[in-house]
């Protein structure tokens with residue numbers, strides 16, 4: 001079976017370069033990623049702090065310090081703790097559906113503003129919480145911020161970036177998530193040492209700093225040329241912005257594609273119905289499968305529970321927080337930066353393959369060590385604990401190289417304008433180590449067989465990669481029956 005590894009674009013190339021204006025705009029927008037990473041990392045760290053557990057989860061605190069008979073895997077078993085950890089993700093899932101409509105109707109900038117405001121409110125409430133209800137409500141507000149930011153920021157980055165460098169710039173979102181996680185782990189390491197047991201309040205409240213930067217900075221962000229044409233139909237204003245962000249006056253080819261895509265999108269009244277049609281089937285599959293696979297790598301478990309994992313294998317509270325900073329922060333951020341440098345040279349598929357193999361091997365080995373050495377009531381040696389730490393570093397590096405940044409990049413660049421907001425909304429909305437290790441094998445094969453290469457393809461010409469793919473061309477090569485019916489019905 002011949003599987004094409006890349007698609008050559010017919011016709012002229014877009015002109016332009018990476019300008020300082022684009023870099024500054026994308027850095028400001030990517031602050032949403034910093035907040036996402038910070039909120040994930042900070043919650044995992046404070047959940048391992050004794051004073052925090054004693055105030056909000058006393059049963060867990062008692063199990064950790066007094067009950068020596070309970071299984072190592074059951075000490076953190078708590079429905080209230082589960083509610084605390086999951087409330088942000090549930091709220092984000094609901095919010096992203098509404099964010100899709102806001103992003104399409106009012107632009108990417110408006111959604112970024114809404115996300116920043118919700119982040120700021122959630123961080124203030126979390127730092128001031130004095131009961132579990134306030135704590136959970138703060139996580140809900142943070143989840144709303146996640147829903148809006150994760151829906152709009154990757155679109156913003158992909159639409160602002162020149163096609164040749166879109167991978168590097170969009171991967172900056174995951175790099176920002178890594179920066180946020182690293183900052184969270186280092187802050188947790190410091191606040192845990194504060195006398196009086198109120199350090200966790202500092203950790204939660206400091207999310208207000210990047211939230212304020214995002215909210216204030218977004219006021220000065222330009223909207224994308226795509227959004228300007230789609231919402232205002234002001235071609236002159238869009239052309240002037242395009243010339244500014246590309247650093248050249250010769251932008252007519254790109255502008256013509258934007259206008260053409262916008263004209264098509266304005267005929268679509270129901271994008272969520274449109275995306276169900278046959279010719280959009282490959283994009284719909286990717287919108288669901290890639291974020292699903294990204295989640296079942298187990299990265300959120302590692303990001304949130306790594307301090308708890310390290311305490312379980314015998315590290316102390318302070319050492320666990322430091323180990324989490326090394327694995328989730330330094331390794332994750334470094335590998336994502338490497339991904340930014342090479343993604344537009346080697347392509348998306350190659351990085352998916354390499355990262356998937358690294359994660360698969362490390363997950364299986366960690367699971368084997370814990371099953372053989374730890375058990376329900378056992379302990380692991382210092383050497384085994386160090387080996388687990390190294391393997392977690394390998395896992396995080398593999399994720400930072402591949403499924404971390406590419407899980408945001410690929411879905412944000414494969415949709416035509418008429419279904420882009422709906423597609424991104426769907427993307428955001430979709431035995432531990434052995435289970436996830438098995439999924440890594442499945443998803444690596446999935447990418448190899450079904451995902452075409454998208455490097456250097458102009459975002460408005462992305463439909464060509466599906467028409468030339470060995471599998472998807474059967475669905476998108478010609479109009480299907482449901483496409484013809486939709487024209488008759490005026491959808």
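A Cβ is built for glycine as well, from the same backbone N, Cα and C atoms used for every other residue.
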TODO: Scan 48-67, 68-87, 88-107 against TrEMBL and say which stretch is down as transmembrane segment.
DONE: 88-107
- [ ] Scan 244-269, 426-451 against TrEMBL and say which stretch is down as transmembrane segment.
- [x] 426-451
Open item on the list: Quick test of the contact rule: Cβ under 8 Å, at least six residues beyond the ends. What residues does that give for the transmembrane segment (202-221)?
Closed with: 25, 28-29, 31-32, 34-35, 38-39, 42, 45-46, 109, 112-113, 115-117, 119-120, 122-124, 126-129, 138, 142, 145, 149, 180, 184, 187-188, 191, 194
Task: Cβ contacts under 8 Å made by the transmembrane segment (119-148) with residues that lie 6+ beyond its boundaries - done: 32, 35-36, 39, 43, 56, 80, 83-84, 87-96, 98-99, 102, 111-112, 201-202, 204-208, 210-212, 214-215, 428
TODO: Calculate the per-residue pLDDT averaged over the domain 'Major facilitator superfamily (MFS) profile' (25-491) and state the result as an integer.
DONE: 81
Open item on the list: Ranking 20-38, 284-309, 321-343, 384-406 by the number of C-beta pairs under 8 Å to the transmembrane segment (349-372), which range is first?
Closed with: 384-406
Task: Positions whose Cβ lies under 8 angstroms from the transmembrane segment (384-406), at least six residues beyond its ends - done: 170-171, 173-175, 177-178, 290, 293-294, 297, 299, 302, 306, 309-310, 313-315, 323, 326-328, 331-336, 338-340, 343, 348, 351-359, 361-363, 365-366, 369-370, 373, 443
